[in-house]
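Marked as domain 'Gcp-like' by TrEMBL: 24-304. Under the heading Fe cation binding site, TrEMBL lists His107, His111, Asp298. Look at TrEMBL and you will find Leu129, Val130, Ser131, Gly132, Gly133, Asp162, Gly175, Glu179, Asn270 tagged as substrate binding site.
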Amino acid sequence: MILAIESSCDDSSISITKIDTLELIFHKKISQELQHSIYGGVVPELAARLHIEALPKILEECKEYFSQLKAIAVTNSPGLSVTLTEGVSMAKALSISLNLPLIAVNHLKGHIYSLFIEKKEILPITVLLVSGGHTQIIEANSLNDMKVLATTIDDSFGESFDKVSKMLSLGYPGGPIVEKYAQKGDSNRFDLPIPLSQSPKIEFSYSGLKNAVRLKVEDLERTNLEEQDKYDICASFQKTASAHILQKLKKLFKQKAPKNFAIVGGASANIYLRSQIEKLCFDFGVKLYLSELKYCSDNAAMIGRVAVEQYKIRDFVKVNEIDIKTRVKEI
Ligand code: ATP
Ligand code: FE
């Protein structure tokens, strides 16, 4: 079994995965959303302090499996440095005290392997990663052969939902709230520009759309911003944000239709985006894979799943050599 720790942002999570059967023996996550919501976003120092409380609490609950562990895995990049440090410190201590090898896992690889929890992997697969910090198209050929085909030049898809939510004072994280508001709104009421629609390049941008929403909100605030206005803004924004992704995916599929395609990351829980991409994949004859909703946002199960593959090829790191990286260019 492998014990895996995730603390790259505002979720403290630990999992235990069986190496031979991939069975998830133990999995627990303590989310800090509530504590950060009053600030409208994640406060790194607060997040670090909450990990110090939550991680040992979870660890206590899985002590019975310690004697069966073969390795300790931990997310070491990318993420917030002060929160990554908490998980990595705990992993180092466990590795030393239990005399087990240490495995450093890339969080984005984790999101990709959230597709394969308790399952054999399906590779090669082209993946759209939509999360809080990333909007990328990745060609995943194998564990150690992943190419970033496209990325965002400014904000991410998930981040733009968080910012729209903040503008409308709806709370954090914005994704699920904006999605709920959008369900009650008229998506045709506000005409918002689809980002980079004239550009032939496959890349993403969300800051222009965010500013267009800001102008509309300010406009409405000058008169009176009603609840129905908020619903309509959310619906119009969600439609446009998704249309941007759809336009670029269509370009990609025309260039080379992948056999297997998947959407992963926290924002892949968005039902509107999922249904739009489902239609697109159907039209192009592309097979679509989705993570279970409970594994879309950050969790240690996906980190443990990657760790099993790294364990098989003895991809270990020395306790004094594991480093923390807040950003990574390649996966
Ligand atoms: P990264 O993985 O890039 O380091 P992260 O781990 O902070 O970033 P995730 O936890 O994967 O990100 O995803 C969180 C993001 O997903 C937040 O920005 C959140 O608003 C967004 N999100 C969650 N649910 C939805 C939804 N239903 N619709 C749109 N966005 C969503
Ligand atoms: Fe994440």
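Each residue, glycine too, has its Cβ placed from N, Cα and C.
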Euclidean distance between Cα atoms of Ser131 (substrate binding site) and Asp298 (Fe cation binding site), Å: 9
Conformational class of Leu129 (substrate binding site) under the three-state DSSP mapping: strand
Near-site residues: Fe cation, ref His107, His111, Asp298, CB cutoff 8 A to centroid: Glu6, Ser8, Thr75, Leu108, Gly110, Ser114, Ser131, Gly265, Asn299, Met302, Ile303
Assigned element (helix, strand, coil) containing Gly175 (substrate binding site), judged by DSSP: helix
Rounded to the nearest Å - Cα separation of Gly175 (substrate binding site) and His107 (Fe cation binding site): 20
Binding-site residues close to ligand 2 - of Gly175, Asn270, Asp298, only those whose C-beta is under 6 Å away: Asp298
Sparsest-packed of the listed binding-site residues (Gly133, Gly175) - C-beta count within 10 angstroms: Gly133
Distance, Ser131 (substrate binding site) to His111 (Fe cation binding site) (CA atoms, angstrom): 9
Protein Cβ atoms within 10 Å of Asp298 (Fe cation binding site), excluding its own: 27
